[in-house]
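Input: a single structure, listed below in structure tokens.
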């Protein structure tokens, strides 16, 4: 096996607030992938850091009467506590306010300047005459210049979705002091992203080497423009004093913008790890590095990671990312996380209420599919799925069999002829087990597919144990060998399932390692043609007495969690600092909502025949910018539908998915062929989406939606 050398990062949480369940989507996703790679025997380093610079940190520290350094030290300890509580195993968790990050920020800036990619220009900004500071976009409020909505921020309107500059706001005021800002001119430093060297490189990088998911590559194509077109703008990388950050070398009162040194924090954190562990930093970051570099991020910061970051690295003489993996936002019960509803749940409150962090790790894994789709934490489904899958299916296998092994057979599994008979049973009943499929799903970050495959296998094990009924056999003393085989089989299959679930459930896996009397659960690879029975525990293996591994979720625990967050947020809510976080990934953003359409009668509605459809095939449509051609199975027949969802979905990701279609819509002759219906998708008034609708589990092709 070829050993891969891999460096993995998660986006840096901002040092201006608590970790919440939206943030945890990314860190759990990354941690699962890293643990899987380490189980494969690869050399993997996982680094992260607090993103510590910027005006919000400076102002919050001032408000609390402490230094910014004291604030970020306190928040760093809180963040690390929360991550540790959810078993996020960083190899290094650091801070961007470090000598290492400063060194690489200055080095990259110097090299870009030497390459002629730094420009100095005078810009006009809004200035707070009371606080004596230039106001970032999110620190200015006023009336939207497009629709007139009040209390809008200086960069975009949450009512109509319009984008604008702070100087365009009507009746602006400072969100810091309440003063009316004045206009002042200041020299700023720009990274010349529009330079042909950057634009040409980004165009090549986007389309070569599979660096981005298909949805991200489509978004990059929009930002870059068509071939021969350059839609990129130069990037302002400086801020004026007063500011908490790194001063630009050779300048007075000019600081690096937080988004310049934030991704450089990956390098700073890894450099710290290298110093601790004796790792060769250059082997991972030099231009011709053969190692692998992966960034896990939220889709709302794709712009910074897929445009600015690779262009900076390339032109400063460093390697660029192997791949950037972007995930979607988290909603709770189908809605944006809400403080008033108690669904803006912090990591700390989840743990303080006594909820098992591995319940959430499993639920997120069951939802994450490697795409940029949003995921929903439906709290009722959360309770049902964890109780059904983890406790009812998986843990139940061990609890049904372990007691007999300990009490009747001294903790020893079968050996000799009975072991050979057990192997035959395994190969006969579980021929459909495909560890390679699970492995491929983990590699592709399609954890939902891995979980589905594992739980199907757990169902098969439970079905066989139910058929063998060891609790019935145990009543007949003449069937001791049969009882021993049945219970040994259950423990053996539980062992294999535990190997596959270890990246998701590391704490439970550690308990199982003790229960099964193992040094460490390792990934059980099954070679082509090799029987599954070759991957079992050896004959006569001795296990320890069974200790309870996991409890069910009591719905009352969820109610208590919601109540606790409602009470806490009412006491500590600080919307001013919360809204200024430059990395708001993991939480769905505010969006304008279209007005409700004209009322129709029930008679009108029932004319629409909505059916569950399985996407059998999905293809690009030559010459079409927005369309995908879908082949849909609606139970009784197959239909061809052209859907305008190309910007959001890669065809390969759609195959096998269920969706909803209008089945009785008149066929429409299009330039590319006949469209025999319409699939349903949601989209925002400000351009968000489209988001293909999907039914709940259990729905089948052809079922009518009513």
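Glycine too: its Cβ is placed from the backbone N, Cα and C atoms.
Looking at the stretches 546-569, 570-593, 594-617, 618-641, the one that Swiss-Prot records under the feature region 'Disordered' is 570-593.
Of the candidate ranges 13-23, 24-34, Swiss-Prot annotates residues 13-23 with the feature motif ''HIGH' region'. Between the stretches 326-330, 331-335, 336-340, Swiss-Prot puts its motif ''KMSKS' region' entry on 336-340.
Between the listed binding-site residues, namely 144, 147, the fewest other CB atoms within 10 angstroms of a CB are found at 147. Ranking the binding-site residues 157, 160 by C-beta neighbours within 10 Å puts 157 at the top. Cα to Cα, residue 147 (Zn(2+) binding site) and residue 339 (ATP binding site) are separated by 27 Å. Between the alpha carbons (Cα) of residue 160 (Zn(2+) binding site) and residue 339 (ATP binding site) lies a span of roughly 23 Å.
The record gives 144, 147, 157, 160 for Zn(2+). Within 8 Å of the mean position of their Cβ atoms, the other Cβ atoms in that chain belong to 145, 146, 148, 149, 152, 158, 159, 161, 162.
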